[in-house]
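As annotated by TrEMBL, domain 'GAIN-B' applies to 247-384. According to TrEMBL, the feature domain 'G-protein coupled receptors family 2 profile 2' maps to 390-683. Annotated transmembrane segment per TrEMBL: 392-411, 423-445, 484-508, 528-552, 587-611, 632-651, 657-681, in sequence order. As annotated by TrEMBL, region 'Disordered' applies to 453-475.
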Amino acid sequence: ETTGSVSPPCFCLNDGVCQDGSCVCPEEWVGPLCELVNFCEASIYTESISGGILKNLTFQRIIVGRYSNSAEKCDPDTVNGNRSIAIRMCTRVRKIPTLQPPQILNCNENLDSLASQVENADFSNISAIASSTQILTSMPDQLTTQSISIAANIAVNILKKPNISTDSQASASIMATVSHLLDANETEFNHNNLSDVTASLTRTMEAFSLTSNITESNIAIQSVPLKLNSSTILFSAQKDTELEYLPSTKLEVQENVPGLLGDLSTEVQILLNIMNNTNGRVGFVLYQNSKFFKSRIYKSHGSFSKRIVSGNIDGGRASGVELAFRPKYNTSELQLHDHACVFWDYATNDWSTVGCTKGRDQFLRCKCNHTTNFAVLMTFQIKYKYAKPLEYISYIGIGLSMAGLVITMLFQILTRKTRKSSITCMLVSLCFSMLIFNIIFISGIENRNARNSGSDTSSYEQQPQPPATTDNTLLTSDLADPPTAPWCTAVAVLLHYFLLATFMWTALNSAQLYLLLLRAMQPLPGRFIATMSVLGWGIPALVVAITFGVTYREGKALNYRQEEFCWLAALDENHNFSMEKPMLWSFLLPVALILLFNFIVFINITVSVIWRDNKNLTRNKKDSFMKRVISTISIVVVLGITWTVGYLMLINQEETSLTFSYVFCILNGTQGLQICILYTFRSSIFKKKVSEVFPVFSMPEIPVYLHSKIYYVSKSHLGKHAKETFRPSQTLSEDTSLSTLSNLI
């Protein structure tokens, strides 16, 4: 069982799910209880299409902030054949979802044809080209690398047109297009041929920001004139608390402020210190994600949003820039580990830390000598749910097993000559590997990092953060491994080895029982014990060595083991069972093969030896039912058949899995004790030794008399056909194979 904070229950409407004490709503609903509508209903709009023809346009339900395609399509013989003829957007006016008028697509235009027109288009046609580009990119999930490249080039050409900011419709359409591109699939931006295109687009956006004020869902541009007395300009993006729980951002530009704001509702701030002011202008660009800034060094593994902000001055220059970011991430699963203040270096088309320093309090703070395209790269650590310390019942069960294993080994070794059994070495090896496994498990399964994790489950706003390192180096990943724990890795290796060795010895015991019971007339192979020892200790060592060599790397211990407790890695980053992790191929599969082999031998021994009926034996010579049951249980225990219950725990059903978990712990947590009871305490030699040491435990032997008849066939006894007597029974004849089994047990 693992530790974790207990969140209060919550009541969610409209199929919302309570998670970490708050409601996670489906996209159609928002609000603290998922009670507020976040969509526009299906609609029909009558519009005049080309040639003055009135046409009804049908739209399905639309999520706020998204577009929907009309059910009506372009004619098949047009350039955009079978593409929706119109799109319609749902926006929110305060709290009310509101439909915008549809935008009609020119069915004879596509991105390629628009790209060929835009360079030579006059000002009167720019608006139509911008609108068509917006419509053709309105479904971001359908955009490919090629279509992103073409649309970005169209946007660059339009934004470079003289006085384009005076055409509000064209400017708004192009900003909507850029916002669509930022919604495209992340994988489409991984191609190197897009880096030059996106770099050209972002540089053009910086120049355009000096003359426009436009806000879209993924991008915002703000421009202000510089006054002669302006010494500082602050651009900030804050949560809009007027709309309560609705997602919204309020942008604000302030002049001559003494420094960055301390308001915790502020998500992004950039402060420019102005020098040589000549009544110019300042422009700011805020990107909601970093898809236009794909780094070859910094790799993203999670869906962590990285906002990018830039400041551009025309008619002056900045002596320095100060920034503050509020990180956005799921605080119930992640904790911020480190951050780096960076800017986008167009010379290398990658992030750089040159000229930037960092700090940290409630905000992630930066100071830079540049003014363009800043970001904070963050590295997170997963908040692992470390395993709880073992419960008392676990200590008791494993403690009894350890004691039983020690007693069994001592008994097997000290009474070997008396018992004259060849099974001693095999059983002692099995008990030894199981004993060492239990000792390591009970003393080292808990990861020592759990002691340092504390109760690190409160939100970033509520919990004071430790200061980050002042070394502003470029990070390489957004996920950091937890503190190194070489002790935990060593424990995982030893547990892996000794548990595999335990199963290997169950298989070798299985093979020996097969040879002794089912091939009783043939002697054991030469050097049998030596060969078994090499196999029993060598094969597990080989498996562990290969597994460790393939998966473990310096600083990447979690490729081999888990962090929650010191055992083999099994889950991927999404907490799903992974076929690539060593838990499957270096433990579950080998153990499954061993258990299958043991089960086959167990069935053979059970059917052919223990429960076989021999018609040649008289009634009083047959083995009792209880003796057969105990013999069967003894074989089950020593061959580890009960471990098959562990595979039933993998059933993806909580109640069923929990039931099998209890059964598994009871059966296998006390396996050593079971071996001691069945193979030591039941032994006649052990009972005799105990009675000698503790006479109080000795029991008087009670003879059992069997009724018998003696028949005489000689002539002298013809008058007396039979003589009945009673005689004490010393031993009973047994079937050869079952007698052998009794000696082994």
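Yeah, the Cβs are placed from backbone N, Cα and C, and that goes for glycine too.
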Problem - Residues of the parent chain within Cβ reach of the transmembrane segment (632-651), under 8 Å, 6 or more residues beyond its termini - result: 427, 430, 502-503, 506, 509-510, 513, 577, 588, 591-592, 594-595, 598-599, 601-602, 605-606, 610-611, 657, 660-661, 663-664, 667-668, 671, 674-675, 678-679, 745
Problem - CB contact flag for the transmembrane segment (528-552) and the transmembrane segment (657-681), at least three pairs under 8 A - result: no
Fill in the blank from the handout: Quick tally over 392-411, 423-445, 484-508 of CB pairs under 8 Å to the transmembrane segment (587-611) gives the top stretch as 484-508
Handout entry: Tally of DSSP helical, extended and coil residues in the domain 'GAIN-B' (247-384)
Key = 0 helix, 75 strand, 63 coil
Exercise for the section: Report, as numbers and ranges, every residue of the chain located at least six residues beyond the transmembrane segment (423-445) whose Cβ falls under 8 Å of a Cβ in that stretch; write 'none' if there are none. Expected result: 387, 390, 394-395, 398-399, 401-402, 405-406, 408-409, 412-413, 416, 487-488, 491, 494-495, 498-499, 501-502, 505-506, 508-509, 512, 516, 529, 532-533, 536-537, 565-567, 638, 671-672, 675, 679, 744
Handout entry: Positions on the same chain near the transmembrane segment (392-411), where near means CB under 8 A and six or more residues out
Key = 427-428, 431-432, 434-435, 438-439, 441-442, 665-666, 669-677, 679-680, 683, 686
